[in-house]
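Asks: Per Swiss-Prot, the features are:
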REPEAT    14-57  repeat 'WD 1'
REPEAT    62-101  repeat 'WD 2'
REPEAT    104-143  repeat 'WD 3'
REPEAT    146-187  repeat 'WD 4'
REPEAT    188-227  repeat 'WD 5'
REPEAT    230-269  repeat 'WD 6'
REPEAT    272-305  repeat 'WD 7'
């Protein structure tokens, strides 16, 4: 039980190249927390968090090119990785074995996200389409067309109603999953949308852009609730805390920032990375944050709860 933000652990030389994506998983055998990292060294690594440190469990081989996105299923036992090799791979977190490989087509699968029911996997594409694959079958089931530019980021709302996509031209689209219809187009940013995240109650959407700003949108009314500045450069990743009180952001300014959602202010800045920070995530109970970056390090931070 911590009363302040602090760095708990640094895993140096975690990969042999930049680490662009990170997630938390769970080992259902012993209940231990896992950290999953995806790197431009073509590897996905699974780390066990125990005794306040990370121990590598597996280095998962299979991708032919850099791994740019990883996501853990809400059920917690399956992990997906997408790579510049245009393949999505599904992995069993219990055994470290590959479940299947999905050919995402002639376009590279940039970001990958599980649906809240763990049944589907969404990935953005070059041609402005979000492709939805069945987790069980590995087959493409349908597409959502933004009729826009290359999609860099995607997110499902936790209630399963919406899917949001962020494009290289700064346009955000929100789809109704049940009907496949495009509900809202948000034009608040002028530069690429690197990341977006829904609040746990699905009411808010937070977006991160190369323009250096973070925006908070009211999902239902598609209205801009706040614009936050503080990072000195591109904002590369955003993620909500499980209780919706905070969200965390990472940037090419080498910092990780924690924001108070209701006060719309930054409450803490971590300056522990030596290079741009590509990935950041809260664990399932909000007690810890993990971050990864170009410095090939994984950092775990303690949060007051």
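All residue numbers here begin at 1 and follow the chain in the order shown.
Cβ atoms are placed via backbone N, Cα and C, with glycine included.
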Asks: Please work out the helix, strand and coil residue numbers for the repeat 'WD 2' (62-101) from the DSSP assignment.
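Replies: Secondary-structure composition of the repeat 'WD 2' (62-101): 0 helix, 22 strand, 18 coil.
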Asks: Can you name the far-off residues of the same chain, 6+ from the ends of the repeat 'WD 5' (188-227), with a Cβ under 8 Å from a Cβ of it?
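Replies: Same-chain residues near the repeat 'WD 5' (188-227) but 6 or more away: 152-159, 161-162, 164-172, 174, 233-240, 242-244, 247, 249, 259, 261, 264.
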Asks: When the repeat 'WD 6' (230-269) is classified with DSSP, how many of its residues are helical, how many are strand and how many are coil?
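Replies: Across the repeat 'WD 6' (230-269), DSSP assigns the residues as follows: 0 helix, 22 strand, 18 coil.
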Asks: If I count Cβ-Cβ pairs under 8 A between the repeat 'WD 7' (272-305) and each of 14-57, 62-101, 146-187, which range comes out on top?
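Replies: Out of the listed stretches, 14-57 contacts the repeat 'WD 7' (272-305) most.
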Asks: When secondary structure is assigned with DSSP, how many helix, strand and coil residues does the repeat 'WD 4' (146-187) contain?
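Replies: Its residues divide into 0 helix, 22 strand, 20 coil.
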Asks: Take every residue in the repeat 'WD 5' (188-227), average their pLDDT values, and give the whole-number result.
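Replies: That region's mean pLDDT is 97.
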Asks: Go through the chain and flag residues at least 6 beyond the ends of the repeat 'WD 4' (146-187) whose CB is under 8 A from any CB in it; none is fine as an answer.
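Replies: Contacts of the repeat 'WD 4' (146-187) (Cβ under 8 Å, skipping residues fewer than 6 from its ends): 110-117, 122-130, 193-202, 205, 207-209, 211, 217, 219, 222, 224.
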